[in-house]
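**Student:** These came from Swiss-Prot, pasted as-is:
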type	residues	note
BINDING	80, 121, 122, 123, 153, 154, 181, 288, 370	thiamine diphosphate binding site
BINDING	152, 181	Mg(2+) binding site
């Protein structure tokens with residue numbers, strides 16, 4: 001559905017940045033007000049990322065007003081906060097389709113708009129990309145400006161400081177806007193974030209650099225920022241920060257909700273040479289009281305009525321796999337104080353809220369720093385502690401070298417609880433868990449498990465927790481569990497052993513993960529045998545050998561990339577056994593899977609029971 005734009009009369013005049021720049025500056029405050037209201041109504045009617053965008057309305061307006069986008073390059077980090085940017089860059093009438101199949105992408109996406117100069121989804125990439133573009137702009141000598149916008153949460157990632165260190169050394173013209181809202185998806189931790197908060201709480205003192213003198217000219221008095229400062233700030237000050245040591249000219253902090261102050265500051269900063277950092281203070285969820293009070297809970301929302309000031313109540317039902325993990329974690333921690341669990345800033349999403357509250361001394365949020373999180377777990381394991389790393393499949397990619405070099409190579413008993421394995425849906429290509437089985441299967445010493453249901457998940461987690469001969473990984477999907485009974489008593493499974501769930505004829509279906517129910521449904525129609533393989537590595541070669549000798553065709557099913565996945569492991573094992581049987585691999589194709597509702601994507605990829613049956617029948621008829 002589209003909105004009656006006449007309800008937003010000033011915003012209606014600014015469908016693109018070019019339109020916006022034609023407006024007088026005194027209208028920008030009204031543009032911001034209407035933009036926030038439009039965003040509120042739009043997300044309420046379609047679902048999506050919410051609180052972050054409410055906090056960047058004035059920043060978005062100021063950036064597109066001052067900079068000549070898309071000629072000037074604007075790079076958003078992660079992209080949760082870029083909904084206002086999408087609205088202001090010609091996509092206003094399509095916002096109701098965001099995150100839906102064939103609709104607008106959930107994040108800035110190069111294929112979607114010339115204003116989206118860099119495709120994003122993972123955090124910490126903006127400064128590196130901006131530096132690359134700044135170097136290119138310098139070589140082109142066309143006067144192009146480059147701006148990166150990054151939140152305080154993403155600033156906890158090491159890649160950001162690698163880029164800033166390089167940028168300071170090269171001294172290319174670029175601006176980094178630090179959007180400090182004291183909140184990423186989960187509460188930020190660490191000395192850096194404490195330092196950012198202290199910038200506004202203590203008495204700031206320093207000398208003002210020549211560049212800052214230019215910025216101060218004509219600047220209004222910055223409004224008092226309640227609860228966060230001891231004094232009125234006039235213009236900006238330059239504290240001796242880490243940013244200065246890295247070679248950046250630091251300016252700020254300033255009120256990120258004062259659009260006029262932002263415009264004047266950015267206008268002056270355009271002419272400054274070298275790398276600049278503008279520190280702005282914003283409030284996540286700005287303008288909508290429930291989101292201001294609970295920015296984590298309102299980070300992403302389903303459809304809701306903004307006038308009700310609450311999200312729709314969730315119906316009681318099956319637990320999610322994340323909740324299954326969280327309960328298991330609490331159950332084991334209650335018996336073992338040597339269990340230490342780590343998350344890279346995904347406490348809520350990984351089901352660890354209760355654990356963090358009940359066992360705070362055993363809980364560690366490593367912030368958005370996946371490499372550090374994995375090696376931190378390795379350090380725990382070296383000293384005899386039971387390390388558990390709760391991490392999304394897509395984010396484990398960022399800690400791959402650490403998984404190999406710091407954990408598997410040393411055969412350290414670290415358990416990886418890998419959430420969001422397979423199709424995740426609305427967040428799209430950057431977040432699908434499509435590759436983990438493929439990139440883990442080649443790592444020596446690593447045991448890999450994929451549960452078919454919540455009880456297997458619980459028992460596999462316990463199996464990994466008890467296993468001491470090396471690292472283990474339990475890989476489970478996003479979303480609700482299957483409804484299987486969870487047995488409270490935990491029993492370690494025999495390593496590398498699967499089970500036959502149905503005995504049939506001619507066709508043997510080897511299932512890996514939560515597609516088991518679909519495999520059994522298909523088997524009933526084909527009178528096929530079905531094995532719940534449980535272990536991707538080590539593969540149950542004895543069971544495979546038996547099934548291969550007793551059947552004419554082997555079918556493997558997994559919600560992972562076919563290339564290099566569990567099915568590839570089956571073919572490799574059959575080759576080693578010198579058994580030549582036709583094998584149909586069913587899984588994710590060799591492409592990046594786009595966004596949409598999980599059920600829609602699964603059906604399109606023919607991974608539901610109907611699609612699996614059709615693939616097998618087509619294979620048999622060839």
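Glycine too: its Cβ is placed from the backbone N, Cα and C atoms.
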**Student:** Can you give me the Cα-Cα distance between residue 80 (thiamine diphosphate binding site) and residue 152 (Mg(2+) binding site) in Å, rounded to a whole number?
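**Tutor:** Distance (Cα to Cα, whole Å): 13 Å.
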**Student:** Provide, as an integer number of angstrom, the distance between the C-alpha atoms of residue 370 (thiamine diphosphate binding site) and residue 152 (Mg(2+) binding site).
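**Tutor:** That comes out at 16 Å between the alpha carbons.
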**Student:** Which residue, out of the binding-site residues 80, 122, shows the minimum number of other Cβ atoms inside 10 Å of its Cβ in this structure?
**Tutor:** 122
**Student:** Starting from each candidate's C-beta and looking 10 angstroms out, tell me which of the binding-site residues 152, 370 has the most other C-beta atoms.
**Tutor:** 370
**Student:** Residue 181 (thiamine diphosphate binding site) has how many other Cβ neighbours within 10 Å of its own Cβ?
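**Tutor:** Excluding its own Cβ, residue 181 (thiamine diphosphate binding site) sees 23 Cβ atoms within 10 Å.
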**Student:** Any idea of the Cα spread of the thiamine diphosphate site, 80, 121, 122, 123, 153, 154, 181, 288, 370, as a max distance in Å?
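**Tutor:** The two farthest binding residues have Cα atoms 32 Å apart.
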**Student:** Note down the number of other Cβ atoms within 10 Å of the Cβ of residue 153 (thiamine diphosphate binding site), including every protein chain shown.
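**Tutor:** Residue 153 (thiamine diphosphate binding site) is surrounded by 27 other Cβ atoms within 10 Å.
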**Student:** How big is the Cα-to-Cα gap, in Å, between residue 152 (Mg(2+) binding site) and residue 181 (thiamine diphosphate binding site)?
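**Tutor:** Residue 152 (Mg(2+) binding site) and residue 181 (thiamine diphosphate binding site) have their Cα atoms 7 Å apart.
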